[in-house]
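Trainee: Grabbed the feature section from TrEMBL, which reads as follows:
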| type | residues | note |
| --- | --- | --- |
| DOMAIN | 228-309 | domain '3-oxo-5-alpha-steroid 4-dehydrogenase C-terminal' |
| TRANSMEM | 12-32 | transmembrane segment |
| TRANSMEM | 72-91 | transmembrane segment |
| TRANSMEM | 112-133 | transmembrane segment |
| TRANSMEM | 153-172 | transmembrane segment |
| TRANSMEM | 230-260 | transmembrane segment |
Amino acid sequence: MLDKLWDVRQALPAYLLTVTLGLALSCCFTLICPHLCRLIPALTTYGKASDQLEDNSIVAKISVPKRWFKHFYALGLLTLFLCLHCIYSLIHNPNFLPSIVIRFLATLTRSYSIPPIDPSTALLALLLITFHVSRRLYETVFVSVYSDSRMNLFHYGVGIIHYVILPISIMCETQGISKKEENFHVSMDNITLTQWAGAVLFWICNWKQHQLAEQIANTRKGPRGLIRNYAYGICFGGWFNLVSCPHFLFEICIYLSLLLVIPSAYVYRFVTLFVCINQTFAALITHSWYHKTFPKYPKTRKALIPYVL
């Protein structure tokens with residue numbers, strides 16, 4: 001019975017569940033009783049929220065510049081290019097991947113007689129993620145305006161790992177990759193209308209999140225796009241009139257929309273769970289910071305979900 005409930009080969013789900021649970025408990029501690037242990041808030045906050053910690057020396061010792069966010073996307077993009085290269089090579093040579101790579105991928109998820117993701121779906125999902133990660137890298141380098149804010153090493157390490165395992169979570173459950181097949185065939189005719197709808201929703205959420213990134217950056221820029229200050233301010237207009245962190249909301253929507261593209265994926269569900277928990281707590285902590293920092297902050301604004309949370 002226990003063997004059916006748990007498979008020791010599920011390395012990625014085990015890691016994702018552990019990190020998600022640890023993050024959730026730490027963030028609850030930060031929100032409810034942050035003064036009992038100063039180290040936990042230092043590990044669960046970054047950017048504007050970490051700047052307001054009582055003991056900033058702790059943050060300085062275990063943190064890196066927040067602008068290092070670009071490392072997440074650069075390394076993630078490299079991993080995505082390698083995965084896309086593998087798919088391209090397998091189309092022409094089904095024996096392209098060595099056995100050691102196939103065995104490694106098999107240890108990352110539960111065992112299958114037939115992996116749940118077909119090659120066509122995997123290719124579409126990887127292309128969508130490549131678009132998303134490329135956009136985030138572009139915004140980090142050319143759009144966002146970073147002050148001297150810090151990001152703790154825990155967030156930095158988890159972020160690096162997240163964008164590496166994101167494409168791998170799809171590769172390890174793709175037919176012909178996690179298990180050898182004589183015919184590795186890719187055709188967009190295999191994509192259903194529901195999957196195309198998920199792809200369109202994925203693009204819309206990315207587009208909206210990009211607009212929000214520009215809106216946030218513009219609070220620190222002048223009329224000609226020149227940086228005029230590095231101070232934190234309150235955003236107004238559009239989604240910001242409803243919630244404090246609409247960019248976190250659309251990050252969740254991006255990952256949920258991809259579930260429509262790869263509904264049969266197993267590991268990706270844990271990736272989505274981690275993102276939902278992470279972004280929700282980040283929004284709650286940021287929302288709390290706004291209320292503490294700005295006495296006249298709009299009281300009708302929610303943290304993440306309009307009129308609800």
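Cβ atoms are placed via backbone N, Cα and C, with glycine included.
Heads up, TrEMBL stuff is auto-annotated, nobody curated it.
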Trainee: Summarise the model's confidence over the domain '3-oxo-5-alpha-steroid 4-dehydrogenase C-terminal' (228-309) as a mean pLDDT value.
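Mentor: Residues in the domain '3-oxo-5-alpha-steroid 4-dehydrogenase C-terminal' (228-309) carry a mean pLDDT of 91 in this prediction.
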Trainee: Check the transmembrane segment (72-91) against each of 12-32, 112-133, 153-172, 230-260 and return whichever range has the most CB pairs under 8 Å.
Mentor: 153-172
Trainee: With a Cβ cut-off under 8 Å, give me the same-chain residues at least six positions beyond the ends of the transmembrane segment (12-32) that come close to it.
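Mentor: Tertiary neighbours of the transmembrane segment (12-32) are 40-41, 43-45, 108-110, 158, 161, 165, 168-169, 172, 266-267, 270-271, 273-274, 277-278, 281, 284-285, 288.
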